[in-house]
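Pulled from Swiss-Prot:
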{"type": "BINDING", "residues": "103, 153, 157, 275, 307, 359", "note": "substrate binding site"}
{"type": "ACT_SITE", "residues": "155", "note": "active site, proton acceptor"}
{"type": "BINDING", "residues": "181, 183, 184", "note": "Mg(2+) binding site"}
{"type": "MOD_RES", "residues": "181", "note": "N6-carboxylysine"}
{"type": "ACT_SITE", "residues": "274", "note": "active site, proton acceptor"}
{"type": "SITE", "residues": "314", "note": "site 'Transition state stabilizer'"}
């Protein structure tokens, strides 16, 4: 077993590196646990088999090359594992995750295990096409520059008829929002079949565009029970002239997501990604996967927007960590910085960026903080923060747009929003 623990190993530029937070069972030394993680997530199995002799395990095995105790925690360690590039199929997030996190989390020697970060080398990231369009192309399509974009999730999320749904969309867009959004739970239920919804929403889009002179969008949720149906919905959205569709990438799966991203790239649709189910995976501090890994894999799989939490009203430490994965979504090159939870330097080599979407419990009073924290390249999404306005949807949308324009102008004139 311990041949998988190799502290003298020098990592290669082409290795995929992983940082695992391990909690070994009592009595299991951390080196043994680290070796077990490296073995089980690469070439090893529970015993030595004679067919090991038919290949060069030295060439293909994962190696645990460093272990450090976690500050302030008893019996928790960060194990660093290096995987040779040949273990993974090119351009497949599905295969990457199946290999690295597929089996090892049920391991008996471990009480808990969490994948904190992955370093994706350029040699591997270059096999992915990434986001269908990216931040710059999206701005050019929408002709909107120099400010964050505004969105709104239509509420109540379930129960509206297609016609009333379209009316709510129209009021929000007419009031000044850039986007409205299907809730992630809206697919094609008996009271709101997808085709009816798409038609009424398209009508709302074009009416509000004609009246405001701005390009408008609505994230039409194309998520479906199977891939063919999903693509069919995306095709219909494109035929209606909608600029953007949406996908729930964790419940839909990475294979479906990459398929949809390919379609969107080839047909000029933007792709909005919702992270429904993420907390099942990333909520526990000592088990599962950190959201920054889900964010990195999404950037590879493909999406132009992804929900990334809000920061506002959370603890200060959370803020730095959230900004860490916001940078991982947007920037080309991100330096290692443990205070922000970034375990490895990540070089995306000009893969297009993803716009982080701030949504969940935010309203106009948060606007100065949000513009300060997220900057221009983001989507600020107010659901109840728009629709909860005492005068209705359109005035709620106006309030958001006015607040945003005021904050952006104040910032451009040199005022310190954070201090104020």
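If you go along the chain as it appears here, the first residue is 1 and each next one adds 1.
In case you wondered, yes, glycine gets a Cβ from its N, Cα and C as well.
On the structure: features taken from Swiss-Prot.
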residue : record                       : CB count, 10 Å
103     : substrate binding site       : 12
153     : substrate binding site       : 24
155     : active site, proton acceptor : 16
157     : substrate binding site       : 14
181     : Mg(2+) binding site          : 29
183     : Mg(2+) binding site          : 18
184     : Mg(2+) binding site          : 20
274     : active site, proton acceptor : 28
275     : substrate binding site       : 23
307     : substrate binding site       : 21
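In the three-state DSSP scheme, residue 183 (Mg(2+) binding site) is classed as coil. Taking the mean position of the Cβ atoms of 181, 183, 184 as the Mg(2+) site, the remaining same-chain residues with a Cβ inside 8 Å of that point are 153, 154, 157, 182, 185, 186, 219, 221, 246, 274. Residue 181 (Mg(2+) binding site) and residue 157 (substrate binding site) are 10 Å apart (CA-CA, integer value). Reduced to three states, the DSSP call for residue 103 (substrate binding site) is coil.
Listed in sequence order, the recorded positions from 155, 181, 183, 184, 274 having a Cα within 10 Å of the Cα of residue 307 (substrate binding site) are 274. Separating the Cα atoms of residue 359 (substrate binding site) and residue 274 (active site, proton acceptor) is a whole-number distance of 11 Å. Rounded to a whole number, the C-alpha distance linking residue 274 (active site, proton acceptor) with residue 184 (Mg(2+) binding site) is 7 angstrom. Distance between Cα atoms for residue 275 (substrate binding site) and residue 184 (Mg(2+) binding site): 9 Å, as a whole number. Take the Cα of residue 184 (Mg(2+) binding site) and measure to each of the recorded positions 103, 153, 155: the nearest one is 153. Taking all protein chains in view, 21 other C-beta atoms sit within 10 angstroms of the C-beta of residue 359 (substrate binding site).
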